[in-house]
Amino acid sequence: MLRLGSHVSMKAPDMLLGSANEAASYGANTFMIYTGAPQNTRRKPIDELKIDEAQPIIEAHDLRQIVVHAPYIINLGNTKKPGYFEFATDFLYQEIQRADAVGATQLTLHPGAHIGAGANVAITQIIKGLNAVIRPEQHVQIALETMAGKGTEVGRTFEELAQMIDGVTYNEKLSVTFDTCHTSDAGYAIKDDFDGVLNEFDHVIGLDRLKVIHLNDSKNPQGAHKDRHTNIGMGTIGFDTLNKVAHHPQLPDISKILETPYVGEDKKHQLPPYKYEIAMLRAGQFNPHLIEDIEQQR
């Protein structure tokens, strides 16, 4: 089954109920949320997330494949800041509890950045952090994300991700989020040889680990290490490749999540593209008037 969705908001007063309704309005059958603002630690108690109230919408629209994105402020690779490791692991452990509570199947996590200490030092610290938080009884898998290699990010190669996975005791609780923009920006030939890239992923990590795809076009050329998403078919990867990824026979039932930018010159009145991008991908036909159609929502 083709599972397409997007990032949706989760905010008061409707919380998860609002997230499910937003996803349904886009014609999605999967979705991704942050359990709070990704740049801070403020979180509502689990009993205020309206989890039970959301269930009828989730059932009616087959939205049970929920992805939670861990907050950006968690950097398990940081070995420089005293006391930070305890903060990062405590907060990630709380996010695992929240992801389990909302019924998420995957918790996407940026592995981290070495901030000058070197990739191997950071990877060792990331393994230590994952071993500190993962419990065999948790339901959600932590889906380490492929990174663009911006700055001192680690996880820019399949080998780095495999090294992390191999070092974790309960690594059956680990999976991978494959971001098409990040992976292209990291230097992989997504546009020209996606099958070859997928075969390389299978050889290095194993396709059985691939549980989430972030389906994004890129503003920059292959190998740019920039991480700038753009709308489907409007970037350097292009519609044909992203449509191939969405419908790829080796990737059935995997959540394909759009993180493409809102549309509009006025930042206060930008519009979500997801209903239109999902429809375009389901049809398998590029819409050259995509941006105009989105702007007609006004």
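The backbone N, Cα and C atoms fix where each Cβ goes, glycine too.
Take the Zn(2+) 3 site that Swiss-Prot assigns to Asp227, His229: the candidate from His182, His269, His289 listed for it is His182. Here Swiss-Prot has Glu145, Asp179, Glu259 binding Zn(2+) 2, and the candidate from His114, His214, His225 in that same listed site is His214.
Cross-referencing His61, His110, His203 against the Zn(2+) 1 binding annotation in Swiss-Prot, which names His69, Glu145, picks out His110.
Around the Cβ of Asp179 (Zn(2+) 2 binding site), a 10 Å sphere holds 27 further Cβ atoms from the protein chains shown. Separating the Cα atoms of His182 (Zn(2+) 3 binding site) and His214 (Zn(2+) 2 binding site) is a whole-number distance of 9 Å. Nearest Cα neighbour of Glu145 (Zn(2+) 1 binding site) among the listed binding-site residues (Asp179, His214, Asp227, Glu259): Asp179. Under DSSP, His229 (Zn(2+) 3 binding site) is assigned to a strand (E or B) in the three-state scheme. A separation of roughly 11 Å, to the nearest angstrom, links the Cα atoms of His110 (Zn(2+) 1 binding site) and Asp179 (Zn(2+) 2 binding site).
Per Cα geometry, His229 is the residue among the binding-site residues His69, Asp227, His229 nearest to Glu259 (Zn(2+) 2 binding site).
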